[in-house]
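**Q** Next up is a structure, given as structure tokens.
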Amino acid sequence: MISKQEYQAQAAQGYNRIPLVQELLADLDTPLSLYLKLANRPYTYLLESVVGGERFGRYSFIGLPCSHYLKASGKHVDVYQNGEIVEQHDGNPLPFIEAFHNRFKTPEIPSLPRFTGGLVGYFGYETIYNFEHFAHRLKNTTKADPLGTPDILLMLSQELAVIDNLSGKIHLVVYADPSQPDGYERARERLEDIRTQLRQSCAIPLSLGSKHTEAVSEFGEEPFKACVNKIKDYIFAGDCMQVVPSQRMSMEFTDSPLALYRALRTLNPSPYLFYYDFGDFHIVGSSPEILVRRERDDVIVRPIAGTRLRGKTPAEDLANEQDLLSDAKEIAEHVMLIDLGRNDVGRISKTGEVKVTDKMVIEKYSHVMHIVSNVEGRLKDGMTNMDILAATFPAGTLSGAPKVRAMEIIEEVEPSKRGIYGGAVGVWGFNNDMDLAIAIRTAVVKNNTLYVQSGAGVVADSDPASEWQETQNKARAVIRAAQMVQEGLDK
């Protein structure tokens, strides 16, 4: 932990949030047990990662209760402090959010990973209506909104625990406010309070089972197939090459959302595992796909397109992999999305600095395998994170190509707002690094109802029945996780 003198020196350099860090051994705990001890209340989060579908990432992140958060819907933003609105803004929320983020000047913590606090949460799909290059083409008609969640919700994370899964250590991070005369002392006291919480045992919420329920499609199979045929008509007319329609499923779910996260992380380990407690609703997900990642001046997108079910045996798994890589439709769709990714990254990157670093590799998850590629660029001077978001949002894999025309068709054919689905979840650090996953393989739990949404890439030779089945396959991990909870994880 830095000394009072070091703290004062950093304040003199103009930093208005200064991290105090305490390192402890926590090798007898897991990220889940630590979350139960330190957080497990509204406006907290747990972020984990599984690399390559088979090993946990080095770091996990627990956000302690956030006193400040922003909610944006349409052209209005509310800033909350301890549950009360303290600031409001009318107009495009994105410049306001960027200005809010930029209020905080913090020194880096060299011994820790790149994320050590900042804005954490999501940008829902309807964020598209705030980008000027989309707004003039999209109608933004009023649609049914069964979830009723904000378009954007971001927490200001100033107290967190960074878990090093390799060493078994936990780094407690509390940001002090040097504008407060006793800011340093208050942060030290808060660290001691958190240490006390760590020493205490926590009640383990057992999952003993509940009533079994079935998921019901909002769209319905036959209307969805008709939607696929309508999109194919647009494709044959030359309007577009691909569109990704989606359908939402819902089921009664009265169990703990944290139990759902336990089941999902076991069933479908993914690069982005996340649990967000927003009070009146929860987001639980295991997304395999980056929307965009910024690390200093490098930007990365990683398109995923092309899907097969996992095989029941290694031989069947290999056969499915070979079948996927020899499927002309899937390959053509994937190449189109690589080109779209190159175009998106190219808009914000220096000339000649865009490259495909992985091309059409197979990544395997619990229920499905995908074709994946990696596109990287070096940012032009002066690019902001909102410039990056504008260039890459929404993902081509969730919209289609050309992107704007595909989004117009989605607006026409889907019966309700997408909400969180198809948007982005993740972190925007104080250091301006950003890591956002696409909100897929993701459940929203609200009012004892679980919602999960999934899409299928429709091209000229798509079979409507196959595209319907693809939406079922992609939702399967979340629905099966919910059923595992209903059967009882701890029976």
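Here the Cβ of each residue, glycine as well, is placed from N, Cα and C on the backbone.
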**Q** Given that Swiss-Prot annotates P271, Y272, L273 as binding L-tryptophan, state which candidate in S49, S60, S67 belongs to that site as well.
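**A** It is S49, as the record lists it for that site.
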**Q** Out of S49, T307, which has the highest number of nearby Cβ atoms, where nearby means within 10 Å of its Cβ, if these are the binding-site residues?
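**A** It comes out as S49.
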**Q** For G455 (chorismate binding site), write down the residues of its own chain that are at least 6 apart in sequence and whose Cβ falls under 8 Å from its Cβ; none is a fine answer.
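**A** Within the chain, G455 (chorismate binding site) has Cβ neighbours under 8 Å at V244, P245, S246, Q247, L398, G422, I440, T471, K474.
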**Q** Which ones are near G457 (chorismate binding site): of the binding-site residues S49, P271, Y272, L273, E333, E470, which have a Cα within 10 Å?
**A** E333, E470
**Q** Give me the long-range Cβ neighbours of Y272 (L-tryptophan binding site): same chain, 6+ apart, Cβ under 8 Å, in sequence order.
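**A** The list for Y272 (L-tryptophan binding site) reads L47, S49, G285, S286, S287, P288, E289, I290, V425, G426, A437, given in order along the sequence.
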**Q** Taking Cα atoms as reference points, which of the binding-site residues P271, L273, E333, E470 is nearest to T307 (chorismate binding site)?
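**A** The answer is E470.
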**Q** How many whole Å apart are the CA atoms of E333 (Mg(2+) binding site) and G306 (chorismate binding site)?
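**A** Approximately 7 Å lies between the Cα of E333 (Mg(2+) binding site) and that of G306 (chorismate binding site).
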**Q** Compare the C-alpha of P271 (L-tryptophan binding site) with the C-alpha of each of the binding-site residues G306, Y421, R441, A456, E470, and give the closest one.
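**A** Nearest listed residue in space: R441.
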